[in-house]
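Quick look at what TrEMBL lists:
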- A:7-174: domain 'Glycerol-3-phosphate dehydrogenase NAD-dependent N-terminal' (DOMAIN)
- A:GLY12, A:SER13, A:GLY14, A:ASN15, A:TRP16, A:GLY17, A:PHE43, A:PHE99, A:ALA155, A:ARG271, A:LYS298, A:GLN300: NAD(+) binding site (BINDING)
- A:LYS122, A:ARG271, A:ASN272: substrate binding site (BINDING)
- A:195-341: domain 'Glycerol-3-phosphate dehydrogenase NAD-dependent C-terminal' (DOMAIN)
- A:LYS206: active site, proton acceptor (ACT_SITE)
Protein chains: 2
Amino acid sequence: MAATMEKVCVLGSGNWGSTAGKIVASNAARLDDVASEVNMWVFEEQVDGRKLTEIINEDHENPKYLPGVKLPENLVAVPDAAAAVSGATLLIFCLPHQFLPRLCASIKDAAAPGARAITLIKGFDVDDDGIVLLSEYITAQLGMPCAVLMGANIANEVAREEFSETTIGYHHEANGKLWCRLFQTKYFRVAIVPDPVAVELCGAIKNVVALGAGFCDGLKLGNNTKAAVIRIGLLEMRQFTQTFFNGAGELTTYFESCGLADLITTCYGGRNRKCAEAFVASGKSWDELEAELLGGQKLQGTLTTIEVIKAIDKAGARGNFPLFTAINAICFEGAAPSTLFDNLVHDDALVSRM
Amino acid sequence: MAATMEKVCVLGSGNWGSTAGKIVASNAARLDDVASEVNMWVFEEQVDGRKLTEIINEDHENPKYLPGVKLPENLVAVPDAAAAVSGATLLIFCLPHQFLPRLCASIKDAAAPGARAITLIKGFDVDDDGIVLLSEYITAQLGMPCAVLMGANIANEVAREEFSETTIGYHHEANGKLWCRLFQTKYFRVAIVPDPVAVELCGAIKNVVALGAGFCDGLKLGNNTKAAVIRIGLLEMRQFTQTFFNGAGELTTYFESCGLADLITTCYGGRNRKCAEAFVASGKSWDELEAELLGGQKLQGTLTTIEVIKAIDKAGARGNFPLFTAINAICFEGAAPSTLFDNLVHDDALVSRM
């Protein structure tokens with residue numbers, strides 16, 4: 001039934017984008033209602049004297065961003081974004097946050113009528129009117145609904161087909177079920193929830209909590225303290241969602257992979273935790289640490305902390321976010337790391353938020 | 001108002017018991033309605049040629065179980081249990097599970113009329129009628145209500161006054177509030193919840209999940225997989241509680257320190273995780289590992305797994321506990337550790353439990 005055939009395009013070919021491409025292409029090959037060939041937009045670059053798109057299409061591997069992992073032969077690298085999207089009914093966004101505006105402009109009207117999107121990008125913007133979710137931005141720019149996929153998903157581990165889980169947040173149940181069929185595998189278990197805003201914000205805000213966890217490590221505090229910071233951080237993540245998005249932030253959503261599982265992973269591994277630990281241990285500035293530990297890349301957690309506090313201040317709500325407020329004070333206001341716990345409210349107040 | 005003065009007795013003087021004694025004695029000294037002197041029942045033994053009770057009462061330290069920590073001078077070690085309890089209105093149980101029956105027999109009727117208990121002991125029994133909670137046992141033996149205190153509370157970290165949280169589950173709100181006042185300090189934050197069965201079972205069953213986390217480490221799997229096992233484990237902990245105790249197991253309880261925080265701590269540190277990792281890596285038997293790693297002490301997690309499966313089988317409910325069932329199969333039925341994930345049900349089923 002060609003009339004109802006779905007056509008998939010993955011936008012982005014980094015570490016996570018290539019992994020997502022591997023998953024959906026392997027499923028597309030076996031799903032009757034999805035065209036086998038999956039396009040993946042690849043920002044063209046030279047690798048060992050060859051074009052990256054050529055390497056992917058001939059060797060079926062992405063040696064620069066996902067080395068050592070065999071990609072399905074039906075995953076086709078395309079250097080032109082509009083050409084990659086042409087005729088697609090299912091768009092998967094998985095590229096660096098800052099490239100999103102230019103990409104959206106370049107693919108306007110290229111997709112098929114009735115196309116739907118899903119974003120795997122972690123982050124959000126804040127403009128004069130407040131928080132702008134990337135899913136909202138994609139919908140506004142391209143006029144299509146946009147679901148979100150977030151979870152405890154370190155790309156290399158998923159690409160090695162180690163068991164993990166993920167969470168898809170949907171606005172329309174039918175779309176949620178379709179995305180689930182496209183991403184679900186035996187080693188990658190998908191749960192779908194009708195709470196897309198909470199799922200998307202989990203992916204962004206977890207990095208703020210990870211800074212708090214890293215401060216605990218830098219202070220050489222034990223597992224009790226770190227677990228408390230993770231727990232309170234999860235509650236403030238929900239509090240933030242409920243404060244700025246009416247009706248979003250179901251308690252059950254935070255029990256999904258996008259909630260506590262991704263937060264645990266981020267607070268025990270990950271660059272944000274690592275840099276925050278070094279921030280305490282070394283006393284160096286964030287710029288110095290980004291240069292030394294991240295090769296000059298920007299740290300996501302500190303950028304997100306700035307946006308989170310901007311939003312909280314706009315609502316005059318610092319009192320409701322004692323942990324986020326303390327993390328911001330330690331990051332940017334010269335507060336001593338040991339002050340992390342000074343204003344943590346009594347649990348009864350946190351419990352009452354549930 | 002001597003008529004309403006509370007009198008506290010701590011039953012047990014191990015690592016956690018001595019720490020609990022430190023906390024409640026420091027609070028008793030400043031609370032108007034609690035007698036300053038707090039008795040601590042100490043199982044008498046010789047340490048460096050002196051009686052342990054003498055050392056505690058003269059040096060105000062427990063060099064055997066909590067070395068290097070100053071104990072309040074109003075914490076009085078008493079070698080005779082009935083004498084320690086005599087006249088007490090608040091009994092704090094914190095001793096090894098297996099000593100509880102003998103202790104209860106020895107202090108029958110020694111407490112003051114209207115006395116209340118709280119248990120910090122992790123574990124439960126299973127008899128022909130099913131699960132017997134230790135709080136239920138204490139109430140049955142001594143005829144007094146028994147609350148529970150559980151959380152991410154590694155004793156040495158709490159004794160060092162590093163920030164942590166804990167959870168008190170109560171049957172009677174007035175008792176919950178009283179226990180909160182007795183245990184709450186600036187570094188030890190107490191939340192009280194009216195879900196005592198769930199709180200008590202969290203403390204026992206977390207060790208089963210910790211075996212699963214240790215298997216992941218032994219299999220050299222990454223943070224994604226371990227976070228998924230922790231997440232699914234938390235859901236099965238709740239499922240277990242709801243299966244065997246009607247009306248217990250509020251979702252919010254698992255967001256407390258006794259839930260996800262204690263589980264995280266146990267799955268990243270702790271002997272159960274460590275032995276499970278070695279079980280996979282070395283292929284040795286549990287007996288060998290207990291001898292090598294625990295000096296012959298019994299591993300709590302494997303004992304609890306036996307009790308948990310016994311209860312699940314009595315209900316013919318293995319299908320609802322794919323993770324617990326797989327952990328038991330790997331521990332005791334010769335299943336390969338890599339089968340841990342084979343029967344993990346689709347998240348939708350787990351979500352539907354919430």
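Cβ atoms here come from the backbone N, Cα and C positions, even for glycine.
Any TrEMBL annotation is an automated prediction that lacks curation.
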Among the binding-site residues listed as A:GLY12, A:GLY14, A:TRP16, A:ALA155, A:ARG271, the Cα nearest the Cα of the residue listed as 'active site, proton acceptor' belongs to A:ARG271
Applying a 10 Å Cβ distance cut-off over all chains shown, what neighbour count does A:LYS122 (substrate binding site) have? 21
Using C-alpha atoms only, work out the spacing between A:TRP16 (NAD(+) binding site) and A:LYS122 (substrate binding site) and round it to an integer in Å. 11
Count up the helix, strand and coil residues in the domain 'Glycerol-3-phosphate dehydrogenase NAD-dependent C-terminal' (A:195-341) according to DSSP, in that order. 116 helix, 0 strand, 31 coil
Per DSSP, three-state class assigned to A:GLY12 (NAD(+) binding site): coil
Say we define neighbours as other CB atoms within 10 Å of the CB. Which of the binding-site residues A:GLY12, A:GLY14 has the fewest? A:GLY14
Say we define neighbours as other CB atoms within 10 Å of the CB. Which of the binding-site residues A:TRP16, A:PHE43 has the fewest? A:PHE43
Indicate the candidate from A:LYS206, A:ARG271, A:LYS298 with the smallest number of other Cβ atoms within 10 Å of its Cβ, considering only these recorded positions. A:LYS298
In the same chain, outside A:LYS122, A:ARG271, A:ASN272, whose C-beta lies within 8 angstroms of the Cβ mean position for the substrate site? A:ASN207, A:ALA210, A:THR266, A:GLY270, A:LEU299, A:GLN300, A:GLY301
What Cα-Cα separation, expressed in whole Å, is found between A:LYS122 (substrate binding site) and A:ALA155 (NAD(+) binding site)? 13
Quick one: largest C-alpha distance among A:LYS122, A:ARG271, A:ASN272, binding substrate per the record, in angstrom? 14
Cα-Cα distance, maximum over A:GLY12, A:SER13, A:GLY14, A:ASN15, A:TRP16, A:GLY17, A:PHE43, A:PHE99, A:ALA155, A:ARG271, A:LYS298, A:GLN300, record's NAD(+) binders, Å: 25
Candidate binding-site residues A:GLY12, A:GLY14, A:PHE43, A:ALA155, A:LYS298, pick with smallest Cα gap to A:ARG271 (substrate binding site): A:LYS298
Integer Cα-Cα distance in angstrom, A:PHE43 (NAD(+) binding site) to A:ASN272 (substrate binding site): 26
Using a 10 Å cut-off, grab the number of neighbouring Cβ atoms around the Cβ of A:ALA155 (NAD(+) binding site), all chains included. 21
For A:LYS298 (NAD(+) binding site) and A:ASN272 (substrate binding site), what Cα-Cα distance in Å is obtained after rounding to a whole number? 10
